[in-house]
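As listed in TrEMBL for this protein:
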DOMAIN    111-190  domain 'Beta-ketoacyl-[acyl-carrier-protein] synthase III N-terminal'
ACT_SITE  Cys117  active site
DOMAIN    242-330  domain 'Beta-ketoacyl-[acyl-carrier-protein] synthase III C-terminal'
ACT_SITE  His258  active site
REGION    259-263  region 'ACP-binding'
ACT_SITE  Asn288  active site
Amino acid sequence: MEKPIYASLKSIGAYAPENIVTNYDLEKIVDTSDEWIVKRTGIKERRFAEANEATSDLATKAAKIALKRAKITPKEVDMVIVATISPDFFCMPSTACIVANKLGIVGKPAFDISAACSGFVYLLSLANAFILSKMYKNILIIGAEKISSILDMQDRNTCVLFGDGAGAALIGVTSEREKSIVDVQVSSNGEYQDFLITPGCGSRYPASQEVLEQRLQFLKMKGNETFKVAVKTLSSDVVEILEKNHLSIDDIDFFVPHQANQRIISAVGDALNIDSQKVVLTVQKYGNTSAASIPMAINEFYEEGRIKKGSKLLLDAFGGGLTWGSAILTFNGE
Ligand code: UT7
């Protein structure tokens, strides 16, 4: 009998730019304070990429680590997908094509997806489906952002919250169910499309002097409204995926939520009644890195030796769109 095929997370890698921007640095730019930022978000510092670094540069560095750890050569990669809302170029070429070229991956499909902070869970769902369909065996997925390139450094409501970085994973094949991605679910609700939005320079408001003067090219967020929907959606999404798979929170070794705000993470953790030792928290160090946040968080705990081969992970993401998603999987990296 033919062996069953499942998708498996075989490695993780991440890259954070060297330049650390502290809350005290931001105090010099906008009317804010370290005290406010820490109390309202938990963030102490974030990384901003250099002017000559683009999203593909961050993505490539993370991807190289993931490929090395998976012991996969560029030739063996069947597909590259990048999730980003801060691509190297507006419209085209895709950041994935640039990354594939930098890695020496030739003649394979490469494309970007846009699912904001839920990007990595959307990537997992795509990679899972491509592997289960037996179309591909090794898929490189990358969440990468130079969010600083779309931040309005005059807007204290947003500029203190975000940071740059990239996280990558190699999704491969396993015949063992207990080493695989158990389930991924993703969803959206466009009714709240204006909660997180970069209004300018798309086909709705094409680039013009007026658009630039109104600073519409930058990210805007209805923070408070987003906060409330985030807590509710993240909590219910996790309950749903656990129930669907006949699992309880006690079956999970690490809960890896999107790193937007420590208060959101605590509220969701409390709602789930999860042991705080199991909650992966990196927002204090990197801020909100959008699509890169979940893989960067997994990588942090992996490098600290806490997440290891066999760890059961529960991922939970939420972002612009609105989009959200969750996943249950076993970490199958060495
Ligand atoms: O990644 C995608 C999903 N994103 C999220 O889930 C983010 C969700 N939202 C949040 O994390 C929080 O809503 C924020 C951190 C953005 C804001 O926290 P908040 O507790 O909801 O504050 P608020 O927006 O209700 O603002 C409270 C006060 C306001 O002043 P007044 O009107 O009470 O006088 C703001 O003007 O805090 C003020 N404020 C600031 N003060 C100092 C807003 N930003 C700042 C700032 N520094 N940077």
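Glycine residues also receive a Cβ, built from the backbone N, Cα and C atoms like all the rest.
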So what pLDDT does the domain 'Beta-ketoacyl-[acyl-carrier-protein] synthase III C-terminal' (242-330) average out to?
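On average, pLDDT over the domain 'Beta-ketoacyl-[acyl-carrier-protein] synthase III C-terminal' (242-330) sits at 97.
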Near the region 'ACP-binding' (259-263), which same-chain residues lie under 8 Å Cβ to Cβ, leaving out any that are not at least 6 residues past its ends?
40-43, 117, 161, 227, 230, 281-284, 286-289, 293-294, 296-297, 318
Please report the Cα separation of Cys117 (active site) and His258 (active site) in Å, rounded to an integer.
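Cα-Cα distance, Cys117 (active site) to His258 (active site): 7 Å.
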Can you check what DSSP calls His258 (active site), collapsed to helix, strand or coil?
coil
If you measure Asn288 (active site) to His258 (active site) at Cα, how many Å is it?
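Given the Cα positions, Asn288 (active site) is 8 Å from His258 (active site).
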Which number gives the other C-beta atoms within 10 angstroms of the C-beta of Asn288 (active site), all protein chains shown included?
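Total other Cβ atoms inside 10 Å, all chains included: 24.
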Only counting partners 6 or more residues apart, tell me which same-chain residues put their Cβ under 8 Å from the Cβ of His258 (active site).
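Non-local contacts for His258 (active site): Cys117, Ser118, Leu234, Asn288, Ser293, Ile294, Asp316, Ala317, Phe318, Gly319.
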Counting every protein chain present, what is the number of Cβ atoms, excluding its own, within 10 Å of the Cβ of Cys117 (active site)?
31
Any idea what DSSP makes of Cys117 (active site), helix, strand or coil?
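In three-state terms, Cys117 (active site) counts as helix.
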